[in-house]
Every structure is written in C-alpha cells, then in structure tokens.
Amino acid sequence: MIRIFGILAGLFFSLSVLWAFISGAIAVAPVLGEYGQFTEPMADKVFHEKHPPALHLQSDGPFGTWDLAQLQRGFQVYKEVCAACHSLKFVAFRDLEELGYDKGQVKTIAAGFQVPGVDPNTGEATTRPGMPTDYFPSPYPNEIAAKAANNNAVPPDLSLMAKARHGGPAYIHAILTGYGPEPEALKQQFPDFKVPSTGHYNKYFPSLAIAMPPPLTAEGQVSYAEGQPKPTIEQMSTDVSAFLEWTAEPKKVKRTQTGWPVLGFLLFATILAYLAKKQVWAALKPKKKHTA
Amino acid sequence: MSFPWAKQYEPKHPLMRYLDEKLPMPRLVYNAIGSGYPVPRNLNYMWNFGVLAGFCLMLQIVTGVVLAMHYAANSQVAFATTEHIMRDVNWGWMLRYMHANGASAFFVVVYLHIFRGFFYSSYKAPREMVWLLGVVIFLLMMATAFMGYVLPWGQMSFWGAKVITGLFGAIPVVGEPIQIWLLGGYAPDNAALNRFFSLHFLLPFVIAAVVILHIWALHIPGSSNPTGVEVKSESDTIPFHPYYTAKDGFGLGVFLILYFAMVFFLPNYLGHPDNYIEANPISTPAHIVPEWYFWPFYAILRAFTADIFFGLIPAKLMGVLAMFSAILCWFFLPWLDKGPVRSGHYRPLFRKFFWFGLIPTMLVLFYCGGAPAEEPYVMLSQLATAYYFLHFLVILPIISSIEKPEPLPYSITEAVLGKDEAAQLGDSADTAK
C-alpha cells in the first residue's frame, strides 16, 4: 500500500516538474538559437569584467607574512585619500601597533582625528581628538549626511571590504585602476547605454557605472617617505588594497602561522593512529599455512 | 541487547564495583562503544562517518557555547559583536572559523553517512527505527544550521532568512499570518534574530538526545555491514573496542587534518562574501544563495516554475511541497525498497540506478542550487528533480520487486576469509577477545 502511494506521489512530483520544464521550454523555443538568453544581453553583462586581474601580496597563501612597510603606505593612502568619504569602523587606532607603529606614534595618529565626544562642562555633543582606544571615526555624522554629500550613494565602510567582495584585495585594486572612458565597441553595440551624470565608467563594477569618482588620479598624490617606492597610481592602489586586506582580517597571518604546527601535530598523531590500528587488527589475520 | 557471546563488564577495582552497583555508567559505555559491543568484522571505512558525525556535534556544541559568551543577539549589534569575536576576543577568530567550518564538516560527514545508508540499504529491517531517527537528526541539523547562519546578521543571513521564512507564506490562506507569527514581524528583524538565537542554542541538545536514541536503536539489531548478511555466529564479530576504536581513531585523524586545513588556510572558502556586508533590508543581493549544504534542496525548490492544475497549486507552493517531500520521502524508504538483500554489492539493477541515476542527479542538483536562477540551470534542475522523485518513489519500489540479486556469501566470516579456509580464525584472535 505504501508503495502504491509512493509511486503515485513520485509521479505527481515528477510530472509537475516536467510540466514546468515543458512550459519553460515553450517559452524559450522562439529564441532557441541563443539558448540560455531569454532577452537581449545587457551592456553590463557583456562589458563587465567579472574577474579582476591577479594581485600578489606578501600576505597571500599559507606562508604569507605582512609587508609592514606596504601596510604603512596603504594606511597613509587611506588616511589622506579614502578617509575623506569612507569610514573604517571596526578598526581601532590601537590596532595600528600591529603595523609597526610604536605607542607614541599611535597616540599622535589618533590625536590627528576628531572623534565624537561630549563637552565635559556643558554636556553638549562636540568632538575631541582621538585616543588609541577610539575607533576610526566616520567622516559623516550620520547616513543622511553621507547620502546628501554623495548624490544619494553612501560610501561603504571599508573595514571588511577585502572580505566582502569576490576577489578581495584584487577587486579593490581593480576598481581603483579600472576607470576610463567608455570603449568605442560599447557605444556601437549599445547606443542606449549611458553612464548617469553622477556615475563614472569602471569596467570592474557590476553596473559599469560607479558613483565614486576616481580617487587616485595623479602620481604623487600621496607623498611616500624617503626610501619607499614611487607613489604611482598602480603602487598606491596596491598598497591601499594590502592595507584593506589587513583591516578585513588583522589575524590572518597569525591564523596561517598557527595552522602549520596544528597540522604537523595532527599528521604525526594520525600516523601513530594508523600504526596502532594496523597493530590491533593484525591479531585478526588468519595464520598463514606452512607450505612444504 | 547484544549477542549472547558479547563480553560482560567485570569491574575489578572496588571503586568501579561500587559505582557499578549504584550507577552503572561505565557498564553502559562498555556495552555501547566498548568491548561489550560485538560488531561485524568486515566494516569498511564508510562505517567511520557515524562516529565522526558525533564528534562534529560535540565540536559544534563546545565552540558554539563559547561563541555565545561573546555574541549579542540584537540586530543593532549582532554584526559588530561577530567582528568583535574576530578581532578582540582571544582566539575568537579560531573559534568562529572552527564553528562555521564545523557546520560544513558536519554536513560532509553526515552526507557520506547517508550515502552509506543508501548504497548498503542500511534502512531495511530490522534497522528501520535507526534510519527514521537518522532522518529526524538530519532535519534538525538543517534547521539548526539555517538559524545559525542568520546570527552574524550579514546580507546573506538576512536575505536567506527572508527567503526561507517566506516559504511559509506559500501555504494557502493561513500562510502569511503564520509567516508573520514565526518572524515576529513582517520581515526578519530583532524579534526573529532573538528567537533564532534561542532555538540555535537549544536544537543541538535536542539533536544530541535524538543521537542517543539513534545509537540505542542501532544497538538492538547491532551494526549492519558491507555484505548486508546478518551476523550468524561469534566468528562474524569482533568487539568494538579495541578494533573499531582504533579504526575510528585513524579516521578521526584524517578528518581533523582536512578540517583544520580548511579552518586555517581557507576559512571563508565555503562562505559567501556578501555575508561580510551588514544586513540591509533595502538592498537585495544580486544572487541569494544558501550555504552549500542546502543547494540540492534549493534547486528542487526553484525547479517548480509553473502552476499546476491551471493555478490550483501555485508554483511557489509546489516548490515548497517538493522541497520538504524530497527529504520526507526518505522516511518511507524502508517500506518502499522491499527486497530482502541489503548491500548494493549484490543488487545489479539497484547498483546501476544508484551510480548512473541517483549520484549524477544529486551532483546536478547540487551544482544548480548554487548557480543563479538562469538557463540552462533551471531546466537542468527540473530534469534532475523529476529523476530524484522517480528514483526514490517509483524506481526503488519497482526494482525491489523485479530484481534478481547476485548470490550472497553464506556468512560474514566467509566473505572475509573465503570459503576454502573453512571459516577459520587465527589463533591470536581468540586470545585477543
């Protein structure tokens, strides 16, 4: 009885889904020539570069380490360029000690930022110089102010940006260097496509039109300390991507460095476990017959 | 229960004798996973995954309880406390990655455990109850994992919660009130997050309780084995300890190597980048995808794109019914698949449908569930869904009535040692017992 009900239920589900398959197939039939495209492709589907070019950082891979000089340069780019619009709310000034700054330097950096505070005499909201325990302040008092200042687009917080996009730091680097004029092929193929007046063409951005104006426009926009590489747009983009890789996961290098001894111990323990298993099970093997 | 030749617990130390009189806990363990549990001697490595699943459950409970000490289930701060765990809590990043990847590891071993059950028909009598309880555990796991994924309150947490709770809205007439009642609002928010956290904390202990029943039910008939032939005599079995404790120890080592390689070197590989963006009810992600372990069932849900019976059953309701039925039909397997032979090794017709039907179908569903809802993935998942239901509900019942199984070995001992050896055990095995 269960089997008869089972067969009926099975046929019901299978036939229903096949019905959906057939109705779908009928809908597709007129454009079967271009299987898989119900409508004309959109400009952003054709011209969007889905995969950012590879970016190699010293922190990559299971043996990666932080390039502290690069992280300091990246922090400088963030502070002098990105911080004008983007917050970094999960990073505290004290965390900067991990980039090789000493306590005094961190204090100075923190004091350079104005953070929200309360006037001790009047109790009114005001600002005060930051302390190492403070977090990076937002450049806007609230979201409405952020929208108002940026044509209705809120500049996202950058703390986790390197983990929140496919490609991570490579994506950030690609966006920073992916600006340019609309290609001629795009104008010919999609005459209707238009970057809105508040947008900027960027081939790595999913809609091809990003609200952020090109932030790094000229070599030497940030002046690096002596002995550091030349601050080309490429160099600054790479440095700030490396910095944001650190802000996204400050414990990344500690993680991979912890991994090796753990795996080493487990490998050793597993070999022992295998030998123990072999020895225990050897007792079960039938004794070989003595052949003459 | 056990076989008559099972070894008896004999406490030697006076303290253990005293304990055995008052609270025979050591006796229970001895008979459950010690020398007092005789197990078929021919279990292969596919039989390791039950123990590994139990290990994963404990791992999730331990890491989860510590994470809960640092997490705050409030939609205002949930995302920030998750980052607090990653940045400021000592070894918090490791705990969180162990917990997140632990969920994936748990599903990997449980899927392999279920795969073992399918191939060797472990669900057949006399182990129906073991199977039924196993399906209950699987359903509880899915509920727990879903609610756990909501807790970090990222974009995928929020939109995943919205899609899954939206399924209840497909129920005719009462659907929407039920959905609002379950969520405590019109969309997932603080009320939903709070109850999900509470249930996510509770359900693992419910799972642990059902696991105890699962093992209890298993110990009545004893473990199945790759031949599917029942235990006939003492020479067919070996005590669980030391033989299978040693084998499981090795299996656990291999598992831990793979698991910690993920935790330390690819901790976000199985996650979605969007979940590192804080939940935003007014910005929908381009593609809403659940965690990988839900993909096959998500594909079934989305395969139903047309109304049935001229709109009597809307496509969405049909998808929800099918998704739940896809797992609920497993409950009936012991009665749908009737044949007396268990092991796929001796079932030629079953084997063909298993390897060339079910397994490719599951892989297609898995792939399509993670892909965007575009062609050709929708059509592929429709064909695979059709086969999925045909396989369990139509093909298995028919196979089991018409199939002519291959000859079975007389006994487990014969299968292991061969006929000519006259089922002879080594001398040392006797002394080992």
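Using the three backbone atoms N, Cα and C, a Cβ is placed for every residue, glycine included.
Annotation comment: TrEMBL describes B:15-227 as domain 'Cytochrome b/b6 N-terminal region profile'. TrEMBL lists B:49-73, B:93-118, B:130-151, B:163-184, B:196-217, B:250-271, B:317-333, B:353-373, B:379-399 with the feature transmembrane segment. The domain 'Cytochrome b/b6 C-terminal region profile' annotation in TrEMBL covers B:230-410.
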Relative to the transmembrane segment (B:130-151), the stretch among B:93-118, B:196-217, B:250-271, B:353-373, B:379-399 with the most Cβ pairs under 8 Å is B:196-217
On the domain 'Cytochrome b/b6 C-terminal region profile' (B:230-410), the mean of the pLDDT values is 92
Would the transmembrane segment (B:250-271) and the transmembrane segment (B:93-118) count as touching if the test is at least 3 Cβ pairs under 8 Å, pairs 6 or more apart?
yes
